[in-house]
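Asker: Pulled these features from Swiss-Prot for this protein:
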- 1-23: signal peptide (SIGNAL)
- 24-1150: topological domain 'Extracellular' (TOPO_DOM)
- Asn42: N-linked glycosylation site (CARBOHYD)
- Asn210: N-linked glycosylation site (CARBOHYD)
- Asn610: N-linked glycosylation site (CARBOHYD)
- 692-720: coiled coil (COILED)
- 708-726: compositional bias 'Basic and acidic residues' (COMPBIAS)
- 1151-1167: transmembrane segment (TRANSMEM)
- 1168-1214: topological domain 'Cytoplasmic' (TOPO_DOM)
- Ser1196: phosphoserine (MOD_RES)
- Ser1197: phosphoserine (MOD_RES)
Amino acid sequence: MRAGRCAAALLLLLLSGAGRAIGSEDIVVGCGGFVKSDVEINYSLIEIKLYTKHGTLKYQTDCAPNNGYFMIPLYDKGDFILKIEPPLGWSFEPTNVELRVDGVSDICTKGGDINFLFTGFSVNGKVLSKGQPLGPAGVQVSLRSTGADSKIQSTVTQPGGKFAFFKVLPGDYEILATHPTWALKEASTTVRVTNSNANAAGPLIVAGYNVSGSVRSDGEPMKGVKFLLFSSLVNKEDVLGCNVSPVSGFQPPDESLVYLCYAVSKEDGSFSFYSLPSGGYTVVPFYRGERITFDVAPSRLDFTVEHDSLRIEPVFHVMGFSVTGRVLNGPDGEGVPEAVVTLNNQIKVKTKADGSFRLENITTGTYTIHAQKEHLYFEMVTIKIAPNTPQLADLIATGFSICGQIAIVRSPDTIKQMSKYRVVLSSQDKDKALLTVDSDAHGSFCFKAKPGAYKVQVVVPEAETRAGLMLKPQVFPLTVTNRPVMDVAFVQFLASVSGKVSCLDTCGDLLVTLQSLSRQGEKRSLQLSGKVNSMTFTFDKVLPGRYKISIMHEDWCWRNKSLEVEVLEDDVSAVEFRQTGYMLRCALSHAITLEFHQDGNGPENVGIYNLSRGVNRFCLSKPGVYKVTPRSCHRFEQAFYTYDTSSPSILTLTAIRHHVLGTIITDKMMDVTVTIKSSIDSEPALVLGPLKSAQELRREQQLAEIETRRQEREKNGKEEGEEGRARPPGQEMVDELQGPFSYDFSYWARSGEKITVTPSSKELLFYPPSMEATVSGESCPGKLIEIHGKAGLFLEGQIHPELEGVEIVISEKGASSPLITVFTDDKGAYSVGPLHSDLEYTVNSQKEGYVLTAVEGTVGDFKAYALAGVSFEIKAEDDQPLPGVLLSLSGGVFRSNLLTQDNGILTFSNLSPGQYYFKPMMKEFRFEPSSQMIEVQEGQNLRITITGFRTAYSCYGTVSSLNGEPEQGVAVEAVGQKDCSIYGEDTVTDEEGKFRLRGLLPGCMYHVQLKAEGNDHIERALPHHRVIEVGNNDVDDVNIIVFRQINQFDLSGNVITSSEYLSTLWVKLYKSESLDNPIQTVSLGQSLFFHFPPLLRDGENYVVLLDTTLPRSQYDYVLPQVSFTAVGYHKHITLVFSPTRKLPEQDIAQGSYIALPLTLLLLLAGYNHDKLIPLLLQLTSRLQGVRALGQAASDSSGPEDMKRQTKKQKTRRT
């Protein structure tokens, strides 16, 4: 059975194990799951292994052969890696799973599955070089299903040509090889994958590899050099893409070489051989000019093609005459006579009548050639002249002159005529300017242009354009072939504008204006007058530009009250103003349709306007009084309004209610009632219904129409005759009613009103049960409500054979809790309903002692099977019951993992008939049988005996502190010694400090010690390790004492100073990043020693500062400071404080400095007493103020001064 079809919940009991009960160590956590595959695989070849995160194997097991189920017991918490180890080439996802088993939230403790999905086998093959045992790297190889176009996988070959595809499921496949440059002889093969890895049916073959090189002469590439290929090992038939014909004039240098083919160098000097098989070759260059054969170096080159493309090195070089040419006026054109040809700006020759010229004494090299001729233009050409180029390429004229004239007849009055204009040359099919020139003072201009179709335009300045200056033509098209164009001309243009006015009645007096849109202030008017309904007008001598033509009469409606015309290159005519009616203005609160007709007139005067919100203007075709009726989804203050064209005013319409539409759609025609509740208290609840569906109303209309026609036939029966009266009335039939059925309703709501619509029916369920809608009133609400009603759903089913009391659970699909629970009757039947028909439901059944499965092809029917049972008796080799054994039983969709109790017996009941696989597991024991497949029949009870044999033993002990307190969470390990050095076990102490190391092999010596990692809180252990020898019994009382890390740092120090200063001293402790706030302060009192309270051993940086209350006005001193890091356990520091008392003469000295400038000022006062006396008094006052401030600052020095010193001095670290 395929494990991919297995899906059931894992039943895992966490019970205490056998032997000594020492707490959580004996708790068994089972980590299990499935190896799943959608194809048949041999599960017995797959192993599941459990490793520690350091790579130590903890446990391994195989899979159930029937469904791939596996189970691994865990006796310790910690970090593990669960790996699947299948045969080489088999692929699974994932390949390993990292586990962090904490006994609470991990996947094993929660009973979750850990599944490995088989993704396929491997397919291996080779790509070989033709005739070789190896092949190339870098060939693209793809795998696709036979007959399919899309590839499944692709890879590239490795050195030697090997390739492999992984994750390939059974089937028939094609393997195809491709390479962008190499030719493939065998590009495809096949492979069939069944139930194991597969090899390609045959190798893929590369026919050959491309080989290339290059040839130059004086650093320039050479074309036309032949390269002949020879080989004594490769057959000519195996070489592809090469000219095999013999080369005329070539003599082979070595008769032992076999000629294969040749290649010729291209324009860039490169040559290549398309496909050469692996092997040794010789290439010989051969180059003959028009009359001479040149030497090429090297003259011969041997090379070997292996399994890759090859670039031949070194580059071949051609080692060591008059030339002629022509100058033409175009491709295949005529020769240009008297043209000057210059070579490297030094040698000059003139062309003959046919345009030909000759250059003498030219050596191989690169030259610059240029031709010159009036009104013809040539590009400078750089060419390589070599013996193989005796005839130079033609020098072809690339451009010709285009010349013309601009003629201004009269300049506009508002501007001054310019002396020159800009002229633009552009391509006829593009507007982008190619060339731009300025005309001279006489209006002449010239361009230089290549052959082609062009257009010439004169750029008139914007000021002159606004003034009305225009040249004609605007665009001068021309074609340059092989000679200059000299007849381009532009002249000024003036125009006239004319039109007519059409009135509904007599026109009377009208005013028509012509105003320039491009020139401010230019405006002309024409006064029209007449008793006719049509008049004409004309404006003459109009300068080019944009104009606005307007007609003045505000109370009339015009088709166009004003028109914009643009005078370009022609006169403007056919301008028409036509009166359309009389103006009506209307102010609306909402966009509506307005229907009106004229009182006293027939229906032909009815008009309809679609108007927008705000003030609208529209025209009435005739004068008089009109009745105006609004038609919209809004209800207004009046049902209709009147308007008189003889008394024009703004007609105002304001909406007070808005039409809300709704629909109830049902799949069945039923009674439907709608209740509408308003958020406005003054509006009562409105009950509509029972409603009639649109289908019912349409049917009633059809019946009414049939009845009307029947009555008409009876009325006219006498005229129709007896035959007509005898026509049966049943010939006309109404349409049958078919769902879905629509029940429409409406409601007139106020602006901002919120309504709640609730439908009701006896047999329908509505979705949603009710709807709310808020009417803004800004626009037509339209259909705001749409509710669907559906008939209730009834679920019915039957148990086969008939079985009473089966629990039927109905749940909504995806819901976590059941919806309805019922039991079958004595006939085994049940019925549930009505339910919401638009929801999906799941129907489950259960009954103790039975397996119930859904009957295929039915919904709600189940088939019942009586369950079977299996009992396992697990004993030790001394026939005593063996508790604590984890027994895994799996089969089909069932699996269970249980621990044996003190009696060693496990019973599995309620099993479905089928095959089951069991496996007993317990560390330190092996079992017979170790695993087995069993067949369980329906209703059968089996009894199976299993014997366990002890193969390893345990070590028990405790970890405690020096005072005997247990240490929890300490990692302990047993490390094998000597011949057992590859073995090891580890565990973690429980809350009582106890540990159990399982799986210690008899005859081995172990060191029991603390693990290096995971014990950061432990400083050391006593002893460092305990030595044990394992015999045929468990090892007890292996106890270890541990010492925790001390996290305290002691700080002490002393001060060297005179005892008279001790009472003024304080020692302050700061963190180095915060020198403004001390964290601790101690006073020395009468002692030279100090001690701070213990600090944390946190590795932080600290600063110790000495502070004093001695006034700086009387003492000079430096406050010492020491910085340190809280590393280790203790720090002692020494501070030196040596103050000195200031002398009184210092004050006199300060006064002498002040007296000197005072004396000088007094001497100057005799000369400038009127100016210096006020200045002297001011200076004296300021100096005294400065002195007083200095004295005050000296007296108040202390901690602040200490901080300044701290910033100045470098910190002394100890």
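Here the Cβ of each residue, glycine as well, is placed from N, Cα and C on the backbone.
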Asker: Which sequence positions outside the coiled coil (692-720), separated from its termini by at least 6 residues, show Cβ-Cβ distances below 8 Å to it?
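Answerer: Apart from its flanks, the coiled coil (692-720) reaches 666, 669, 672, 727, 729, 732, 734-735, 737-738, 741-744.
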Asker: Work out the three-state DSSP category of Asn42 (N-linked glycosylation site).
Answerer: coil
Asker: I'd like to know which of the glycosylation sites Asn42, Asn210, Asn610 has the most other Cβ atoms within 10 Å of its Cβ.
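Answerer: For the glycosylation sites Asn42, Asn210, Asn610, the Cβ with the most other Cβ atoms within 10 Å is Asn210.
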Asker: Can you give me the Cα-Cα distance between Asn610 (N-linked glycosylation site) and Asn210 (N-linked glycosylation site) in Å, rounded to a whole number?
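Answerer: Roughly 79 Å, rounded to the nearest whole number.
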Asker: For the C-alpha pair, I'd like the distance in angstrom between Asn42 (N-linked glycosylation site) and Asn210 (N-linked glycosylation site), rounded off.
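Answerer: Between the Cα atoms of Asn42 (N-linked glycosylation site) and Asn210 (N-linked glycosylation site), the distance comes to 47 Å.
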